[in-house]
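Peer 1: Just dropping this structure here.
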């Protein structure tokens, strides 16, 4: 006997299962329930609302083996044979993250295929893998941000068991898993939940769709829908943390913001399961209150992505200053983010034409609460042709960028393939089956970049399967000249960061930065990092006499008491007496 439940403020709800329709009974709280003899794990089912004859998948469906338009399938979370009993979790302090898209990480594009490459991440020194969204969406492949089933892993990747096998394999190798989740909108195809109940706000939208109802009539159940999804990933899939997509698009005017409520309930679950659970926000607000403890009137999240660090590094390395890069590009800007996390911290943003951001309390906010990166899925994929830094930067400048990132006071994150300077682009790809939606996405993408001076023919068609195939990593590159040396540098930098506590010290108020003409020195306790951004050699002064060179990105580094002779486009890490 299985009890089915669904929230639907409707006049009538029927359950279709085991070849028959079953009338459901309405409870006082707006939920409907029905008991079905013989139903159990593996049983397909769907709901029919009012007098309509169209079967709809469960908004809380745990499994969609026939796609988002098909019936839901019962799944027993307790049946999986976990082997990670000894896993005690992985915290952010001192960790290095690795952002991965399951569909393009390997040629096969599945959880099981990704497992076969996990030893590579162990060798690299990765602590946490951050998966782009894996909940079910319409079509075979997609970035993942068009998900519509917030409880069901995408079937093409391997479904529920596939995700559990991946997490289990990570834990057995000492690697934690952070899952990217999207709760600010439903994807454009297969979003049936709003047909059941008021999941969408009565007014308002964001760039990706209608806003979610977090503070309107009957929003309590919608909030519970999100919170229960969060708890499910962490509890039933043994995931170690979640990256919450674009939280600035979560419109919530209640006294207790959804994010604060999430943080409180995840803290309770963490105590129950006996391991640390992490919530990381993506936000473009530059608001440190997201990561301020609840006791200090903050939301109590554990970390947030920091685009300002990316922008400061990217502009210095590439010279690009268009769009949101306009205010960045100086060594003063890089100094500001290395010592204060945000460049826009209550300052004028010419891109936004307003004051932006809020200062970080450097003495109380540890740097590990900010996730920093040279590249990520957005910063590569939102470029017209999805070109990585390796497509335009010299090898020397790539090494300089990697050194600055991996010696910063923040939690560093790599994007898959970055560690060997992958030549594969990361382009925007979709596989919408609906011709009208496919055409609209293609036209909109090309029109967007045409407005920025790109010829429409140069912008890849998101619906072309070749766009997806081009974005897959070529693992044969890893052993080739140039790529192998880049990988060795990343591996040595990560190992050095872990061997020398000064290089992962998260205290922002202890970071000291000095800079001159196209060079910068960052002091990290008894270590210092010097970079020469110029195309000619430079002599750079150090804050003392070093006892040893810990790492140099180029040959020809020369120490002279408190100075270092640096080749063009180079970096060096030294230790003081």
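The backbone N, Cα and C atoms fix where each Cβ goes, and this holds for glycine too.
Since we're looking at a predicted model, the values are computed, not measured.
Residues or ranges marked as domain 'Glycosyl hydrolase family 13 catalytic' by TrEMBL: 99-445. Residues or ranges marked as substrate binding site in TrEMBL: 243-248, 307-311, 377-382. For 245, the entry in TrEMBL reads active site, nucleophile. Look at TrEMBL and you will find 282 tagged as active site, proton donor. Under the heading site 'Transition state stabilizer', TrEMBL lists 378.
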Peer 1: Rank the active-site residues 245, 282 by how many other Cβ atoms lie within 10 Å of each Cβ and give me the one with the fewest.
Peer 2: 282
Peer 1: Rounded to the nearest Å, what's the C-alpha distance separating residue 307 (substrate binding site) and the residue listed as 'active site, proton donor'? Just drop the number here, would you?
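Peer 2: On Cα coordinates alone, these residues lie 9 Å apart.
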Peer 1: Does anything in the same chain, at least 6 positions from residue 310 (substrate binding site), have a Cβ under 8 Å from its Cβ, and if so what?
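Peer 2: 372, 373, 374, 375, 376, 379 - these are the non-local Cβ neighbours of residue 310 (substrate binding site), listed in sequence order.
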Peer 1: Any idea what the model's mean pLDDT is for the domain 'Glycosyl hydrolase family 13 catalytic' (99-445)?
Peer 2: 98
Peer 1: Quick one: of 245, 246, 378, 381, which recorded positions lie within 10 angstroms of the residue listed as 'active site, proton donor', measuring between C-alpha atoms? Sequence order, please.
Peer 2: 245, 246
Peer 1: In the structure shown, which of the binding-site residues 307, 378 has the fewest other Cβ atoms within 10 Å?
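Peer 2: Least crowded of the binding-site residues 307, 378, by Cβ count within 10 Å, is 378.
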Peer 1: Residue 246 (substrate binding site) has how many other Cβ neighbours within 10 Å of its own Cβ?
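Peer 2: Result for residue 246 (substrate binding site): 19 other Cβ atoms within 10 Å.
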Peer 1: When DSSP is mapped onto helix/strand/coil, what comes out for residue 246 (substrate binding site)?
Peer 2: coil
